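Read the structure below first, then the notes.
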Amino acid sequence: MAGATPRTPIMAGNWKMHLDHREANLLVQKLAASLTPKQLTDVETVVLPPFTDLRTVQTAIDGDKLLIKYGAQDLSPHKNGAYTGDVSGVMLAKLGCSYVVVGHSERRQHHHEDDALVNAKAKAALANGLTPIVCVGEGPDVREAGEQVAHCVAQLTGALDGLKAEQVSKIVVAYEPIWAIGTGKTATPEDAQEVCGALRAAISGKHGAEVADVIRIQYGGSVKAGNIAAIMAQPDVDGALVGGASLVAEEFVSIVRFQEHVKR
Ligand SMILES: O=C[C@H](O)COP(=O)(O)O
């Protein structure tokens, strides 16, 4: 259900636990050298490095006034306190972060994060002026049972619980089927559209058509230069959350420049 409001595409590179701060600097420089200000305006381009790289990425981006945005892969739901190893939204905001991933399936799996915690993290992000990229996605069992839509809508409903329409309109949703993450097994464009369309419809039902029309929904899972154009051709897919391919400058640049693939 593509609305009349044009949504700016958003490509986000989730570096996961890869690249030290020197490698991070090199990758940002390569991206900056290959993407023009117009390309970075037409397609919002975001890098999501590990916490230890954020200061370096901030310095590189601010120093050269680059239009690349950056953010973190997680945050604490708490403002501050005795939470060893955690990083707060206040700290991320002070480092100039624009985005933060919440509810990635790897955090749900390895750190046992549930929808209530994802909801608390989304609220902590918004309270600090950060845009949460709220991840949902089904595992292989759910997909085999054909219950992917209900599963993802339930996850999103839990993650957005208690948020006002105005807050929901600011967030980014990422649909990432777990069976497609890092496997090379990309969802078909139709698979991506089915769930992204259902998520938008659910947002429309709960928060109104205007919110559903402006909220951006990404697909994630083995996105690469060779499949991005077909995925982006789907009416309810507004961008991609990219893992492995975002670590290779040429590949991520090509994903950001997906519109050129269409013209060829
Ligand atoms: O956050 C990114 C996703 O988990 C996708 O990772 P991937 O592109 O390596 O499959």
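Each residue's number is its place along the chain shown, starting with 1.
Any Cβ shown, glycine's included, is placed from N, Cα and C.
Pulled from TrEMBL, these are the features on record:
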- Asn14, Trp15, Lys16, Gly182, Ser222, Gly243, Gly244: substrate binding site (BINDING)
- His104: active site, electrophile (ACT_SITE)
- Glu176: active site, proton acceptor (ACT_SITE)
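Only Gly243, in sequence order, out of the binding-site residues Trp15, Lys16, Gly243 have a CB under 6 Å from ligand 1. Mapped onto three states, the DSSP output places Ser222 (substrate binding site) in coil. If you compare every pair of Cα atoms in Asn14, Trp15, Lys16, Gly182, Ser222, Gly243, Gly244, the residues listed for substrate, the longest distance is 14 angstrom. Long-range C-beta contacts of Trp15 (substrate binding site), restricted to its own chain and to partners at least six residues apart, with a cutoff below 8 Å, comprise Ala24, Val47, Leu48, Pro49, Pro50, Asp53, Gln73, Ser246, Leu247.
Annotation note: Trp15 (substrate binding site) sits in a coil segment as assigned by DSSP.
Neighbour counts were taken as the number of other C-beta atoms within 10 angstroms of each residue's C-beta; across the recorded positions Lys16, His104, the minimum falls on Lys16. Taking the Cβ of Gly243 (substrate binding site) as reference, residues of its chain lying under 8 Å away and at least six apart in sequence are, in sequence order, Asn14, Lys16, Ile181, Gly182, Gly220, Val223.
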